[in-house]
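See structure below.
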Amino acid sequence: MVCARAALGPGALWAAAWGVLLLTAPAGAQRGRKKVVHVLEGESGSVVVQTAPGQVVSHRGGTIVLPCRYHYEAAAHGHDGVRLKWTKVVDPLAFTDVFVALGPQHRAFGSYRGRAELQGDGPGDASLVLRNVTLQDYGRYECEVTNELEDDAGMVKLDLEGVVFPYHPRGGRYKLTFAEAQRACAEQDGILASAEQLHAAWRDGLDWCNAGWLRDGSVQYPVNRPREPCGGLGGTGSAGGGGDANGGLRNYGYRHNAEERYDAFCFTSNLPGRVFFLKPLRPVPFSGAARACAARGAAVAKVGQLFAAWKLQLLDRCTAGWLADGSARYPIVNPRARCGGRRPGVRSLGFPDATRRLFGVYCYRAPGAPDPAPGGWGWGWAGGGGWAGGARDPAAWTPLHV
């Protein structure tokens, strides 16, 4: 359920401050550590609050606590009359319901059913435990506490460990409306990246000279090596920019999401399964690669899965292989001669002819499936610790030109 909410006036905010006091954390990050929140009330009734950091960090499939505590005069109001409500901010004035509790009655909504519950760590604890975290859980959450007369609320931001990757489909660059960019990311095991995630990726070295949609409807691109074809010698309009020679985020602002077309910047997180490479005795067209993965109880890996395996599981393979969208790519953690450049990254050969061009294939196997048996296909795994099935050291393979 999504609802719009009107802003409270100053009087209402002051009234809330005298009644129910909600504590959440405004800055910083933690990784599942228990929060300690102290509340001190002076004789005059003024309140001094200390809170723990309000940004929590998890990953896909993880379990996280969104911290929230409250305090008020229990003698005047019983705890059974307090309503606790969690919502997710989907737009500046739009919220979707996550969880609500009134006394012993608890209810989770939508995709949060079966995954969300109160921590229940004593009186005044409104913290929410969220299990099996998904990509869609990323974002800001509001914790609201209400008694008979007053209410107060605070925000907690849930961040995810992961990787940002630029994407365009076979049709070429600058072909996606905003809605099409959302679908393209979802098809490649991702979501549209946020501006904060793109900024973090830029700080981590991402350099990409094509503009793409972000989840807030803006269009930006990150430049770490300023050059004239990529917006000149300085960034504009976003953090890290400002026209200096150090690069930054080039920002086109908010664009018409149904008429204008750009690429997409997608975000993905930890893989529940793993990616491995199958190398046939002879390279195969795309249709043969798909059959080979299926024979191993796997599917052709998606672009986001390959990026996650490269970034988070350190998959390093100096051989191009088919991916599910028909592109051919390969992941490099340790740059070396004849492997496509001096920087780590996922190299792309674009979208080769699916019937005439021949490659191996990157496969993705879901959790619980057995390891592939070495045989006619060489194979590797996302841990990057070695290679079986008679595969040669990647550094000795035929050079790839990208």
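Each Cβ is built from the backbone N, Cα and C atoms, and glycine gets one as well.
Candidates considered were CYS143, CYS185; the recorded disulfide partner of CYS68 in Swiss-Prot is CYS143.
The disulfide entry in Swiss-Prot for CYS185 points, among CYS209, CYS230, CYS266, to CYS266. Swiss-Prot names the disulfide partner of CYS363 among CYS209, CYS230, CYS293 as CYS293. Under DSSP, residues within the domain 'Link 2' (273-365) fall into helix, strand and coil as 21 helix, 27 strand, 45 coil. Neighbour list (CYS209 (disulfide bond), Cβ cut-off 8 Å, at least 6 residues apart, same chain): TYR221, VAL223, ARG227, PRO229, CYS230. On a Cα basis, CYS143 (disulfide bond) lies 41 Å away from CYS363 (disulfide bond). Each of the recorded positions ASN132, CYS185, CYS230, CYS318, CYS363 was scored by how many other Cβ atoms lie within 10 Å of its Cβ, and the smallest score goes to ASN132. In terms of DSSP secondary structure, the domain 'Ig-like C2-type' (46-161) contains 9 helix, 61 strand, 46 coil.
Look at the domain 'Link 1' (163-268): DSSP puts its residues at 22 helix, 33 strand, 51 coil.
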